[in-house]
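I have placed the structure first, in the form of structure tokens, so that the comments after it can refer back to it.
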Amino acid sequence: MNPVVDILSLDHEGHGVARLDGKVTFVDGALAGERAEIAIFRKHAKYNSANAVAILAPSAQRAEPRCRYFGRCGGCSMQHLEPSAQVAAKQRVLEENLARIGKVRPSVLLPALHGPSWGYRGRARLSVRRVEKKGGVLVGFHEKRSSFIADMASCEVLAPGVSALIQPLRELIGRLSNADRIPQIEVAAGEHVIVLVFRLLEPWNDDDAAHVRAFADAHHVQVWEQRKGPETARPFWPDIAPELSYGLPEFGLVMPFRPTEFTQVNSAINRALVSRALRLLDPRPGERIADLFCGLGNFTLPIAHRGADVLGIEGSTELVARARENALRNALPHARFEVDNLFEMTPEKFAALGPFDKLLIDPPRSGAIEVVKSLPEAGAPRRIVYVSCDPATLARDAEVLVHVKGYRLEAAGVANMFPHTAHVESIALFER
């Protein structure tokens, strides 16, 4: 007989947390305040992992998942929780990490940045596999806790134009002679363009190429092919096509990019996040500002648009070349860019860059610990805006900024970049 537990809270991955015979048990599919019948699928020394078999007393915040693949597909984990409650849970994750890891609390909690809950995702990496037992080729995300690919024909969080391609892609690849040599497809949607980058372990033959060209024409998409690393990606069809781009209309900017270059998956939240970052940073003419981990200039160019002299630093040579091109195309001579490995920052290297009035930091999940440890004791930037995709590393870096470098955590809040997932995007303001 399956045990019944009361769900006490949600963990940072969106699992229900219960106690069973004194042992912490993480319950997939259960919400705080619910009573659930569970089935344990893995026992560890200090905790159990379980699935909710039946919800005996549902939470008022429980929602009916919109996606028919929810529960099997691993792309989403929180569709069963009402959207506003998802955001509240992410805000709690941010606050708990700041308090527990960073030993800091923000003076102000910023209101969460919201956007569309469905059809928001313009970027995805779709796995491909021929599975005859499932009727042919599968294209989509992996199943939950599995290397298998979910049997899906659409996706509710992908942009509608991208979601509508999943079933046609399954049919296309099923007709190709090298279907077993296409492990994945990278999808990138701009404001008016969709690009599909096929990862190819062997090239298409003439018949395959004809099928792919016909598919691209019929579905109004561009097809690229990638033989090895991302740098090998190149256009396949059509020969002449408009470039990918996204806009930051508040600043009058158009940002072209290659499909293999990093951009945020959620364009609406990206616009809101850039707007908030600029309000918090408040760049002014004559100020000298650094944008670290600048990518293709997502924050750098809006800062330059406000008249500040801004130096963007990024470890990728390709992204810096793109950022320089974007600055030129948007007529922003106040934006300069350099290539440097910010994970190897030292106080000496930071001092050589010259003094900065303000700093914007937007690192990957690993954070920016070497940068914050390298800030000078005297003459440090008086204001830092930190954009984070991992609250744990933000909290770790905040501890150094506040307790070692003398900054105050003035404000922090979340941006719901990935609705229906446990991913927490956040932004924080530090001042001294």
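A Cβ is built for glycine as well, from the same backbone N, Cα and C atoms used for every other residue.
In Swiss-Prot this protein carries:
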- Cys389: active site, nucleophile (ACT_SITE)
- Cys67, Cys73, Cys76, Cys155: [4Fe-4S] cluster binding site (BINDING)
- Gln264, Phe293, Asn298, Glu314, Asn341, Asp362: S-adenosyl-L-methionine binding site (BINDING)
- 1-54: domain 'TRAM' (DOMAIN)
*Which of the recorded positions Cys67, Cys73, Cys76, Cys155, Cys389 has its Cα nearest to the Cα of Glu314 (S-adenosyl-L-methionine binding site)?*
Cys389
*Is Glu314 (S-adenosyl-L-methionine binding site) helix, strand or coil when read with DSSP?*
strand
*Write down the Cα-Cα distance for Asp362 (S-adenosyl-L-methionine binding site) and Cys73 ([4Fe-4S] cluster binding site), rounded and given in Å.*
30
*Of all the recorded positions given, Cys76, Cys389, which has the fewest Cβ neighbours within 10 Å once its own Cβ is left out?*
Cys389
_Spatially, which candidate from the binding-site residues Gln264, Phe293, Asn298, Asn341 is nearest to Cys67 ([4Fe-4S] cluster binding site), comparing Cα atoms?_
Gln264
_Intrachain C-beta neighbours of Asn341 (S-adenosyl-L-methionine binding site), sequence separation six or more, cut-off 8 angstroms_ = Gly315
*Considering the binding-site residues Cys67, Cys73, Cys155, which residue's Cβ sits among the greatest number of other Cβ atoms within 10 Å?*
Cys155
*asked:* Tell me the Cα distance separating Cys76 ([4Fe-4S] cluster binding site) from Asp362 (S-adenosyl-L-methionine binding site), rounded to the nearest angstrom.
replied: 24
_Can you give me the same-chain residues 6 or more apart in sequence from Phe293 (S-adenosyl-L-methionine binding site) with a CB-CB distance under 8 Å?_
Ile313, Glu314, Gly315, Leu342, Ile361, Asp362, Pro363, Pro364, Ala368
*asked:* Cβ within 8 Å of the [4Fe-4S] cluster site centroid (Cys67, Cys73, Cys76, Cys155 excluded): which residues?
replied: Tyr69, Phe70, Gly75, Gln79, Phe141, Ala150, Met152, Glu156, Val157, His420
*Can you grab the distance from Cys155 ([4Fe-4S] cluster binding site) over to Gln264 (S-adenosyl-L-methionine binding site)? Cα atoms, rounded to a whole Å.*
18
